[in-house]
């Protein structure tokens, strides 16, 4: 374990966190809010911690995969702890565990909240909540890689540890250049949504908060009914961008480089859109009697399907009141999630495809034991290591899901609340059903349950393994 490099990376994350807090500071000054001082103090604390760790570059360049995983996990803890400080200092969320829950929910792009009334919060706190989604969406380490000229094998090991999906591919030979391309696309799409919302006469502050949440597939609202009080135009634009941010960003790079055939061959993306269209069709027809006309039913169905499968978590209506079939489909979509290489959470469409193809292969081998069958995706053979890691991931995922539901059941809430609370946090969705539904929140849970759900949010965002490695004794051996 190369502790010096890990400390160096964590230090830079703290420095960047201070930079990120400039936005809420400016917001506080514009609206003349005294919470400015809470952010100013937090910035100073971040720099006091980060600057000494980054004065000198590490001389030892040895950096293994486990170092990357530990660096990412500790960086995320540093990010979330420092991000919670303004909530506590400002008095917006006085209890440290509640503040940590809200911050972890923000950076992991979950959107689950313990707040019962967000409309009483100052503007600087609201924009900080939404901005944490944008920071965490593409990943703070990817942001760091795009700016810092790190040497050695840092880049790929860090990107592997933080990027969602069963495997990570470089868009170009250099990992740092890949990170720059990803962030360029990310920023470009965010700006495009901001422009479209401003054209629809949505106030600038609301536009920024909605766009940050959409881009990061987060879901923190700045009004108590999430997106319900906004115009149909705003909801339609948000629906489109939620779905677009759930697409593998490699597809956008191929489109930008005019490799259209390769872009449209993305099997995961085709299935992703197929699942979305099928879900919208069924839910739209199933909920038609709840709305004024069929068009409104399909518009609301599209919004909620897009919100849930991309794990954004915005809500335009109280879908917990929808028929059982519609709610069941939405819960299933929580598990499916978005595409690998997107800002969305969940198991990922690619893993579902690999699992289905592996199951099909096993059934075929029962019929033809001597047949040689290969699992392919996008005309490429899927290696046994990816299949094995997918199976292990799903096994550990189910164990965490079961254990979490068991522990939070100590609070004596109903099974649907407990199950969907864990599902919503582990898949980085946001709302669940019943008490934690779109019009509810997570404030009723005990601090023990909140800590379990915090773990679930981090495990979901970091794809389990980097976080779990922290608990193994062998991880902490020097070399």
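Glycine is treated like the rest: Cβ placed from N, Cα and C.
The K(+) binding site feature in TrEMBL is assigned to 109, 110, 218, 311, 312, 428. The feature transmembrane segment is assigned by TrEMBL to 7-30, 36-55, 67-89, 131-151, 181-202, 236-257, 269-291, 329-347, 392-410, 447-472.
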Practice prompt. State the non-local partners of the transmembrane segment (67-89) in its own chain: residues 6+ outside its ends, Cβ under 8 Å from one of its Cβ atoms.
Written response: 1-2, 5-6, 9-10, 13-14, 17, 21, 24, 35, 37-39, 41-42, 45-46, 49, 95-96, 99-100, 102-104, 106-107, 125, 128, 132, 135-136, 140-141, 154, 157-158, 160-162, 458, 461-462, 465-467, 469-470, 475
Fill in: Structural state of residue 428 (K(+) binding site), classified by DSSP into three states
coil
Response to the item:
Contact set of the transmembrane segment (329-347) with the rest of its chain, CB cutoff 8 A exclusive, min separation 6+ beyond the ends, reads 108-110, 137-138, 163-169, 186, 215-217, 245-250, 268-269, 272, 275, 279, 282-283, 304-305, 308-312, 319, 322, 394, 397, 420, 423-424, 427-429, 433, 460-461
Practice prompt. Could you list the residues of the same chain, at least six apart in sequence, whose Cβ is under 8 A from the Cβ of residue 109 (K(+) binding site)?
Written response: 133, 136, 137, 216, 217, 218, 219, 311, 312, 343, 345, 428, 461
Worksheet item: For the transmembrane segment (131-151) against the transmembrane segment (36-55), do we get 3 or more Cβ-Cβ pairs below 8 Å once near-sequence pairs (under 6 apart) are dropped?
Response: no
Worksheet item: Just how many other Cβ atoms lie inside 10 Å of the Cβ on residue 428 (K(+) binding site)?
Response: 34
Worksheet item: List, in sequence order, the same-chain residues at least six positions removed whose CB sits under 8 Å from that of residue 110 (K(+) binding site)?
Response: 104, 218, 219, 311, 313, 345, 424, 425, 428, 429, 430, 457, 460, 461
Practice prompt. Enumerate the residues of the same chain, 109, 110, 218, 311, 312, 428 excluded, that satisfy the criterion Cβ within 8 A of the mean position of the Cβ atoms of the recorded K(+) site; list them in sequence order.
Written response: 108, 111, 133, 216, 217, 219, 313, 344, 345, 429, 430
Discussion item. If you count CB neighbours within 10 Å, which one among the binding-site residues 311, 312 has the smallest count?
Written reply: 311
Worksheet item: Between 181-202, 269-291, 392-410, 447-472, who has the most Cβ pairs under 8 Å to the transmembrane segment (236-257)?
Response: 181-202
Worksheet entry | Beyond the flanks of the transmembrane segment (447-472) by 6 or more, those residues with Cβ under 8 Å of it | 66, 68-70, 72-74, 76, 80, 97-98, 100-101, 104-105, 107-110, 112, 114, 136, 161-162, 164-165, 345, 393, 396-397, 400, 404, 407-408, 410-411, 421-422, 425-428
Practice prompt. With a Cβ cut-off under 8 Å, give me the same-chain residues at least six positions beyond the ends of the transmembrane segment (181-202) that come close to it.
Written response: 134, 137-138, 142-143, 146, 171-172, 208, 210-212, 214-215, 230-231, 233-234, 237-238, 241, 244-245, 249, 252-253, 256, 343
